[in-house]
């Protein structure tokens, strides 16, 4: 959620929604709580066959450590 938090700080848009398959939660950065948001137009998630955190074979094996060590 690092990307979403940065977007909130820069844009003032406090509400985010998960884009993961099978998830439909919203989060409100202003209150620090989950939010019961509206139904959204499709697509509601990335394709379930799409790998995460990125395209298969194109993400370094130590991607978690790389992200944790970033300064932003």
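Using the three backbone atoms N, Cα and C, a Cβ is placed for every residue, glycine included.
Automated prediction, rather than curation, is the source of TrEMBL annotations.
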Stretch carrying region 'Disordered' according to TrEMBL (options 10-35, 36-61): 36-61
Can you check how the pLDDT averages out over the domain 'UBP-type' (2-39)? 91
